[in-house]
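So that you can see what the record holds, here are the features copied from Swiss-Prot:
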type: BINDING; residues: Cys43, Cys48, Cys54, Ser280; note: [4Fe-4S] cluster 1 binding site
type: DOMAIN; residues: 55-269; note: domain 'Radical SAM core'
type: BINDING; residues: Cys69, Cys73, Cys76; note: [4Fe-4S] cluster 2 binding site
Amino acid sequence: MSSPDNSSPSLRIPPWLRVKLPCSHTFADTRALVEGLGLNTVCNSAKCPNMFECFSSGTATFLILGNVCTRNCAFCNITPGHVSPPDPDEPRRVAEAAARLALRHVVVTSVTRDDLDDGGAAHFAATITRLRAALPAATVEVLIPDFRGDHAALRTVMAAAPHIVNHNVETPPAHYARIRPQADYRQSLELLRRVKAAGGVAKSGLMVGLGENDTEVEGVLADLADCGCDIVTIGQYMRPSRQHPPVERYVHPDTFESFAACGRGMGIPFVFSAPLVRSSYNAESAYNALCTLRTEPA
């Protein structure tokens, strides 16, 4: 696959990554609601470039189990360090926020909690249960950590019946030692296989621009197809600060389209691939597209 990408030593942000910030009362109202309930969002904690768009449309991805992580992935803007015990009232407040925002599709993620015996699985399950009670017509998507390969923890989450289980592989395996030193690529693939084996909708994603090449991206897509992944997201890595790894290349939108075509050709039903795509960005649209594909005649 040819890749018409900008990979010069001193990279300038290309025009397709420049985001126009909307001015909206909804943005302020959404942020005030979330903060007023003492909740965190990955949108804010991870400096997501789509935060203004999502908040302005009245959506957010809830970050549970605190905003401090027990791991230190090189690409991530969430602070690593000393964590606090889980807040038992947090699931109720997440459900309240989702109900007050009248969400049709709720996305919940977390920091990685290697300090907890179950990695936070019970807290995820409690949050899913609260959401399904408060918003019975809504779909619930969870973006989970690897739970250190604990199959019982994954079963706890699956028993709460989320509609989508997302776990991101983030980058090709050759780059894990540098980018995700505390994670294991094969362990992540096994988690996704188990989601599918349990009858769930499996979703995963990765970033480009961290030193990988197109062939490696295609290799990840092949692995995710082999796991039975239903939805895959691919987006451009954006350096959160000078303390994070530099962007190695800005991938052209045409190449993102080629990645999507490649993934679909391998049998992945829905591949959402574009520069500003993030794993929870337009998550409702991705899920609806998958449902449409499943109902269309072969």
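Backbone N, Cα and C atoms are what each Cβ position is placed from, and that goes for glycine too.
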Cβ-Cβ distance under 8 Å, sequence separation of 6 or more, same chain as Cys73 ([4Fe-4S] cluster 2 binding site); the residues meeting this, in order, are Glu170, Ile179, Arg180, Pro181, Gln182, Ala183
Shell of the [4Fe-4S] cluster 2 site beyond Cys69, Cys73, Cys76, same chain only (C-beta within 8 angstroms of their C-beta centre) = Arg71, Asn72, Phe75, Asn77, Ile78, Pro80, Val111, Thr112
Students should find that the Cα atoms of Cys69 ([4Fe-4S] cluster 2 binding site) and Ser280 ([4Fe-4S] cluster 1 binding site) sit apart, in Å rounded to an integer, by 19
Do you know offhand how many angstrom separate Ser280 ([4Fe-4S] cluster 1 binding site) and Cys76 ([4Fe-4S] cluster 2 binding site) by C-alpha?
-> 15
For the domain 'Radical SAM core' (55-269), what's the model's average pLDDT?
-> 94
Mind giving me a neighbour count for Cys76 ([4Fe-4S] cluster 2 binding site)? Other Cβ atoms within 10 Å of its Cβ, every protein chain shown.
-> 21
Cβ-Cβ neighbours of Ser280 ([4Fe-4S] cluster 1 binding site) (radius 10 Å) = 28
CB contacts for Cys69 ([4Fe-4S] cluster 2 binding site) [other CB atoms within 10 A, all chains] | 22
